[in-house]
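Straight from TrEMBL, the features:
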type	residues	note
TRANSMEM	20-39	transmembrane segment
DOMAIN	21-150	domain 'EamA'
TRANSMEM	51-69	transmembrane segment
TRANSMEM	81-100	transmembrane segment
TRANSMEM	107-129	transmembrane segment
TRANSMEM	135-153	transmembrane segment
Amino acid sequence: MVLLGVYILAPDLNLENTHLKGILYGIFSALCYALRNLILKGHVDNYNGTVLMTQQAIIVAIILIPVMFTMDISNLQTQFPYLIILGLVTTAIGHSLFIGSLKHFSVSTASIIGSAQPICGIIIAFFFLNEIPTINTFIGGALILATVVIESIRSRKANS
């Protein structure tokens, strides 16, 4: 149902469309994220979520070092404080909390509940960037929210 919601958000199924490319990148990102969550589920009982997140960040930083030599980093000095805030608030805290939730939920339940992330993005974009959601955004968002609510209810019944 979440994928149906994402499909409705896609304005055009033409590979030249930048929105579709963004959606495809997002789906690939979701696949990588799901793989990460499956791997972490086996370690979450033995380690704190912050420790696991720190280990991931170190590994990713090492892997991405070569990219720094191919990109323009001339503005890095002025952007660095914002990157630190962005990294701490959205990545370190958000992902550490998500990893911690794996102690209490199955990977599938935590991931489905986490799929409410686009809804949060839409709401934040409305208030801070003055972006007006389209009707497709509302329909797609409603399907995603419905899936999250249904999975939350199902998970609660399974744990009772």
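Count begins at 1; order follows the chain as displayed.
Each residue, glycine too, has its Cβ placed from N, Cα and C.
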Proximity verdict for the transmembrane segment (107-129) and the transmembrane segment (20-39), three or more C-beta pairs under 8 Å: yes
Long-range environment of the transmembrane segment (51-69) - Cβ separation under 8 angstroms, sequence gap at least 6: 36, 40, 43-44, 91-92, 95-96, 99
Model confidence over the domain 'EamA' (21-150), averaged pLDDT: 83
